[in-house]
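A quick write-up on the structure given underneath.
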Amino acid sequence: MSSKSYSAGVKDYRDTYWEPDYQVKDSDFLACFKVVPQAGVPREEAAAAVAAESSTGTWTTVWTDLLTDLDYYKGRAYKIEDVPGDDEAFYAFIAYPIDLFEESSVVNVFTSLVGNVFGFKAVRSLRLEDVRIPLAYVMTCNGPPHGIQVERDKMDKYGRGLLGCTIKPKLGLSAKNYGRAVYECLRGGLDFTKDDENVNSQPFMRWRDRFLFVQEATEKAQQETGERKGHYLNVTAPSPEEMYERAEFAKEIGAPIIMHDFLTGGFCANTGLARWCRKNGMLLHIHRAMHAVMDRNPRHGIHFRVLAKALRLSGGDHLHTGTVVGKLEGDRAATEGWIDLLRERFIPEDRARGIFFDQDWGAMPGVFAVASGGIHVWHMPALVSIFGDDAVFQFGGGTLGHPWGNAAGAAANRVALEACVKARNEGRNLEREGKEILQAAAQHSPELKIAMETWKEIKFEFETVDKLDTTHR
C-alpha cells in the first residue's frame, strides 16, 4: 500500500505539467505546438494542458496515479515563446520521455502527440510545428527501404536529378493506352513515369492489366534506349492483404519500383510495405495525398515538416515535397528546410527555415525529394538550384502537353535538365542566367525550343498561405 496521500478533484494542469526549469534530455521527444488558447486561459495553463492530454493526464486527479511514477512518465511543457506577427498564438515546447512510445511505431507516436489533444476545449486551435525524434528512437526504426545511394546504384543513374512524369489524364485511360503513354515518355528520355495518387483499380483500368501493359512498355523503352527505366505502380489498396498482393505481382513481372499513398493508406500499412520493399529489393515511391488537409492551415493541424520526418521513419525512398515554383503551395525557405530533413544525416536548428530542433538521423538512409505539380521546362533552372541532384523532377502536363507528343516532351525536359546541370557545374548562376542557358540549349533541341514557346507565359503566382514567421527570416 502506497504511503502517498490521494486528493480527489480537479486541479490546474500547470500545477503538474508546467516545468520551466526542466533540463531536456537527449532521449526526450521534443515537440513545438502553436497554441491559440480560449479566452481567459493563461498560456502556462494551455501549454500544460496540451502536455497532459498528449501524455499521461486526464481531466481529473485519479487514484491510479499512485500506482506509477507519474513524474517520470508525464510530458512537460518547459518553454513558451511568442509567435511573431500573431498576438493570440504562442509556441509551447513540450518534452516527452522516450518510454511513452512503442519502438519503431510511427502510429503510436502520432496517436500520442496528436491523437486526442486537438479536440481539447481549452484551446481554440493547435498546430504541431515540429518534433525532435531522439536518436535512440530513430535507431529502432527501419526507415527508407533503400535510400538515395542504393537507388542510384540500382538504376545506374548518377550526377544529376532524376526525371519523371505523372501519366495524364490521371483517370479514364484504358490499360493499353496508359501503357502507350508510358512507353512514349520513357523512350523520350525520362527515367520514371508514375501512376497518379488516385489510380488504383477502377472499372476503366484494373490494376493487373495496368501493371502488365506498363511493364511491357518499360522493358521496351529500356531495350531501345539502353537506360534503366521504371514506373511507379501504385499498390495502394482497400486492404493490406490486397496491397501486398499487388506488390508481389509487381515484383513477379520485374518492376523495380512501387508506390504508396502513405497518408490515406496509413502509417501502419506504409511501415509494413517499406519493410517488405527492403526485404524484396523493391524501391518505394511515396505520394503525400491528403497532406494539405493537415498542413496548410497556419494555425491548426500538423506542419508538413513533421509529416516528412514521419515518412522518413516509416519508410519510403521518394516523397513529394512541393516545388516552390509550380502550382502547389510552398514557401521556399520552409521547403528547403524539409528537403534537408529528408536527405541529410544531421540537420541543426534553423528558425529561418522553420526548423525548431536539431535532428540527428544517425545512419538512416535519406529520401529523394520529389518536385511535382505544375512545372515545365522554364522552371528547370530554379528546380536544379533549389533541389540539387538528389531529387526527382516530375513533369506531368509539362511532358504530355508538348505539342509534338510525349516523347518530345520528355526529350525537352531531359535536354533542359542536362543543360542546367552542366551550367551549374561550370559555375554559372542558374537563377540569374537560367533563361540564357535554356535558350542556348534550345538551339540544338527543337523539342526544347517548342516547349519553351508553349509555356513561356505560364506562371503560378499566388501568395503563399502558410508562411514562415517573418521575424525569423
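Backbone N, Cα and C atoms are what each Cβ position is placed from, and that goes for glycine too.
Per Swiss-Prot, active site, proton acceptor is recorded for Lys168 (among others). In the three-state DSSP assignment, the secondary structure recorded for Lys168 (active site, proton acceptor) is coil.
What Swiss-Prot records for His287 (among others) is active site, proton acceptor, and it gives sequence analysis as the kind of evidence. DSSP gives His287 (active site, proton acceptor) a strand state.
Sequence annotations record features per position, and here Swiss-Prot assigns substrate binding site to Asn116, Thr166, Lys170, Arg288, His320, Ser372 based on sequence analysis. Counted within 10 Å of its Cβ, the other Cβ atoms near Lys170 (substrate binding site) come to 13, all protein chains included.
The secondary structure of Glu197 (Mg(2+) binding site), as reduced to three states from DSSP, is coil rather than helix or strand. For Lys194, Asp196, Glu197, the entry in Swiss-Prot reads Mg(2+) binding site, with the evidence type sequence analysis.
What Swiss-Prot lists as N6-carboxylysine is Lys194, and the listing cites sequence analysis. For Lys194 (Mg(2+) binding site), applying a Cβ distance below 8 Å and a minimum sequence separation of six or more within one chain yields Gly164, Cys165, Thr166, Ile167, His231, Tyr232, Asn234, Met259, His285, Gln394.
Annotated site 'Transition state stabilizer' per Swiss-Prot: Lys327, in sequence order.
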Are there binding-site residues among Lys170, Asp196, Glu197 that sit within 10 Å of His287 (active site, proton acceptor), Cα to Cα? If so, list them; otherwise say none.
Asp196, Glu197
When you put Lys168 (active site, proton acceptor) at the centre and draw a 10 Å sphere around its Cα, which of the binding-site residues Asn116, Arg288, His320, Ser372 have their Cα inside it?
none
Can you tell which of the binding-site residues (Asn116, Ser372) has the fewest other C-beta atoms within 10 angstroms of its C-beta?
Asn116
Env. residues of Mg(2+) site, Cβ within 8 Å of mean position of Lys194, Asp196, Glu197 Cβ:
Thr166, Ile167, Lys170, Asp195, Asn198, Val199, Tyr232, Asn234, Met259, His287
Whole-number Å value of the largest CA-CA distance among Asn116, Thr166, Lys170, Arg288, His320, Ser372, listed as substrate-binding:
36
